[in-house]
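Report on the structure given below.
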Amino acid sequence: MPTSRLWAVDVHGRVYSLSTADQQWEHCRDAEMLFKRVTAAQQCCWGIASDNKIYLNVHACDLHIRFQEETYENQRWNPVGGFSERLLPSDRWQWSDVTGLQHQPPSSFQLPSSSWEWEGDWYVDQNFEGEPTEKEGWTYSIDFPAVYTKDKKWNSCVRRRRWLRHRRYKATDSWAEIPSQKTSLPDPISDISCGGWEITEEPRGLLCLWAVSLQGKVWFREGIYHHNPEGSLWHDISLPGEVVQISCGPGELVWAVLWEGQLIVREGVSRDNHQGTSWSMLDPPSPDVGVMHVAVGVNVVWALTKDNKVWFRRGVNSHNPRGSGWISMVGEMAMINVGLNDQVWAIGSEDRAVYFRQGVTASELSGKTWRAVAALRDGDRPHSSSSSQQSAGCYFSELHPPSALSDVESDTEKGSADEVGCYSAGIESSDQAVSDREPASVAVPQEKCVDEGGDSSTPCVDAVQTGGPVDSQWSNVDLEVPQTQQAQTGNLSDNADTCSLSSVATYTLAMEDNYGVDGHPLWAWVSGGGCSVDSHSQLNWFHSTMGTSLLAQSVQSLSLSVTAAQMATWRRQIFEQLSERTKREVDEFRHYEQAIEQCVWVKKGTMQWWRDWKPHKWIDVHFALEQFSGPEGNKDGILFVYYNYNEEKKYLHAFLNEVTILVPVLNDAKHTFAIYTPERIKKRWPIRVAAATEEEMHDWLALLSASCCDSRGIQGPPSKQAIWSITCKGDIFVSEPTPSLEAMPYPTPCDQMFWRQIGGHLRIVECNSIGIVWGIGYDHNAWVYAGGYGGGFFHGLPTCNDHVYTQTDVKSVYIYENQRWNPVTGYTNRGLPTDRYMWSDASGLHERTKTNTKPPSPQWAWVSEWAIDYGVSGGTDREGWQYAADFPAWYHGHKTMKDFVRRRRWARKCKLTTTGPWQEVPPIQLSDVTVLPCTPDSDVDVVPLWAISNKGDVLCRLGVTALTPAGTSWLHVGMDQPFQSISIGAASQVWAIARDGSAFFRGSVFPQTPAGECWYHAPSPTKQKLKQVSVGRTSVFAVDENGNLWYRKGLTPSYPQGSSWQYVSNNVRKVTVGPFDQVWIIADKVQGSHSLSRGTVCHRLGIHPLEPKGQLWDYGIGGGWDHITVRGNTMEPPPFSLSALADTSAQASGST
């Protein structure tokens, strides 16, 4: 995780920052003046100095902030002197912008401020639309304005060229004053807040800066982004009153505090309108005590009233920026700030210490407890009054701000003064952190919330019985009772009209002691907008037990989300649904007495769930599996996901007998798997959950897979007719077909197929109906199926370890080194600001360096060092470079005059060691394999098996039978060029695809001549190169390099190579044809897919003798699939009528 910083200002105006990689406050010694407050983002920090001016501190990075200035030189052709600077009166300026409307001579460009410097002088841009120009960068046209070309023609009457000059921001890691412009601020600034970086991704580094003047006006700074960190100009924002403080969140939330203590909320903020459109008024939490400070995040709003009480606004989101109600929180603070990930920082009102709100998660936005920051400042020595933990440099202390529990009273329960006094004393004397939610020995007051337009005394949770024990799992003592009675707030009425600024920094700057009575520094302001911390962060500057405590409390927050009564109600409702659904199955046995009672088994855990609604994000959930057995021993179960939404407890569930597949998802950051049901397959949106560790994910997958198989009555290894598939991660899945799967004219939808995982790791798998299954790994090693079904993460389950062997696989991880040509130094790794990363993946969108690139998962381990890969498509030069005109483009292996960028691929091998029902077939490495798809009436003893080696040789395996599926030896088949794909049909017809994209048919393949006699060339589709072929009983399908699916027409016993190719469909990655000419594919970019990964399983419908290429597609599981084979499915579909099918086809054609 990259380092980030927490910024703070002490009571003397000195600015400090605390890095996530350090344990000590670092003084910003560059500051030549004192500051009042700061507001931070990840890339910079803004501050108000003692002169009431705004200053900016931009963090230094490896890539300098550069801005490109441009102007155009325009000329017109003159019959006497040729092209000249003399233009027509109606022409554009000699020096102008790209439109020609604005006069822009090079001398008119000035540096925006002293923080910038020129990198060089003006120079001519000699590139036009990615290609180099000739004759000093001129582009020509018939007139202004028109389309320009780099070549001069006979009618080129005007020309222009672009001049460029770059300026660089040099004032990094230092405080620089925002320059005064024509629209400078009329009066001094008293408060600022930056945010808005999540509103839109363009332009890069966008920020919204809001400022409040001493006169109560609000200003908005426009034009702040990566290449212009200072912004352009200020805009005056109209207001309903005088503002004293403002807060801007990372998204669309903007709140402000009026002088009278009321709140206003900015509405209409969007990616198209960063300033918003209007303000809406909001009353303070307490009618008698106004608000003095507000802080907003993405989905949270915190506020401080003038009595220093802390309030949390619930129900806040981008669709409802006003929220729904206030909740009083424990603690008294002088100021509060919301940072990244909605984490909360505050400064105590009495001890002036920085506090961190612990336990803030996506499901528990209010957090659990306040914890003090105890890091020392650089150059300071620990005071004698500091604890031993502070002296050791621990970040968090065990101190807490003064609690207001003694002031809390309940109408239903009242604790004695002695009890409350003991409780308060216990807090002061304890050396351990006291959670806001821990049950106390006193009576817990009934929680109350302030709802908008509702009764302020409405209870938020069930009342605790008087004198009864406190249920620590469900009680919440952090939320205080809002004090709305005049008697309780009478002592604060004198401060109702006080300016909120007066309560923020009440210490005089003449103090000599920099510490409070307990030895910690005295702080006046804190900003966490640039500090990337969340409840799951494991940062070295936290207390050693911080990560464990946060995780434990996050788990506890999940249990606090749902009451026991609610869970019981949900269970009862779902069991009633189960009962109604299974009535038809038990009606005949109602007159029997029930001899066996139902047994229920429950497993619970904590996970993260990718929520279904926008904005999609990971939230903490409670995950539970309830499995029960019926009177006859049949098993079934339900999967629950409990979550919170707008302070409401909700859940979603899935019956195990409706789950169709459980599949691990390729994700670099989380251990994720997806749960599919028929309904979610249709929506292309599975239930995605993430476990804390890969081991936990595998435990859940093994348990859920076994439970799903139990609910469907599936046990043991897959059948010989099973359909096999492989995901892009190399995981192997099988599905048991039914006769109705290929029924005509109404087959079973393939989204109802149940898939279960088999141990092992492969890239390709092929099978037939007598149980012969071969696979090929990523390292091109061949494997044969041994008859088991365990291995992998199923190692702990009983009865699945038979015929399981150790399996290894090796794959290469690729990264790309990118360079751009520089006129001075040649090719260099310093690209343009708009270029891709200099070390990236193939797309260039993600940074991939040699140091930060990891194996695909913890199960993989590096087995080599990084090396240049010369086997790249398109060829390379001697150093492995490929050249192109620009990123991205077509790359070639030789340099030309027009090539300004180049790249080369680096490869590193990693190895996976797992287990599965597979045995290796040495020694030749393969790239493709095919097995004869035997029909039920075939009596083949020795099964033909063909393969292509890694070098492109065609091979025929001898001795392959049901008893010896690995065969005995290889027979080399002659060919004139290397091949890449091969397939054998049910009638022993062999088709193959060469590496140049041409198709071939092998003639005279019989048991007496298993290798055939000769190859017959079949021309490819026009202007297309084929890459994969699959042959059934009477049909041949092929896929080209552009993803088009083709059907071979004219196949007859007398002319087996056919006559021509007929187009079927596009968007196809791979095709498989079964022994009855069933057609299944792996498709890309299925409409409605939410892009879990690539590849969706699809079934071709309407295939029959009258329509051999089918009619339409039925979409199944996806995405994330890479390979499928149905060549073992010989289940006979129910009989059908050809005349009925002909009528159906005619109707379909007519409707089309």
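Cβ coordinates are placed from backbone N, Cα and C, and glycine is handled just like the others.
Just so you know, TrEMBL annotations never went through curation; they're auto-generated.
Between the stretches 92-133, 428-469, TrEMBL puts its region 'Disordered' entry on 428-469. At the 8 Å Cβ threshold, with sequence separation of at least 6, the domain 'Peroxin/Ferlin' (137-170) lacks contact with the domain 'Peroxin/Ferlin' (808-869), having fewer than 3 such pairs. When averaged over the domain 'Peroxin/Ferlin' (64-125), pLDDT in the model lands at 89. Taken through DSSP, the domain 'PH' (601-711) splits into 27 helix, 57 strand, 27 coil.
With helix defined as DSSP H, G or I and strand as E or B, the domain 'Peroxin/Ferlin' (137-170) counts 0 helix, 16 strand, 18 coil.
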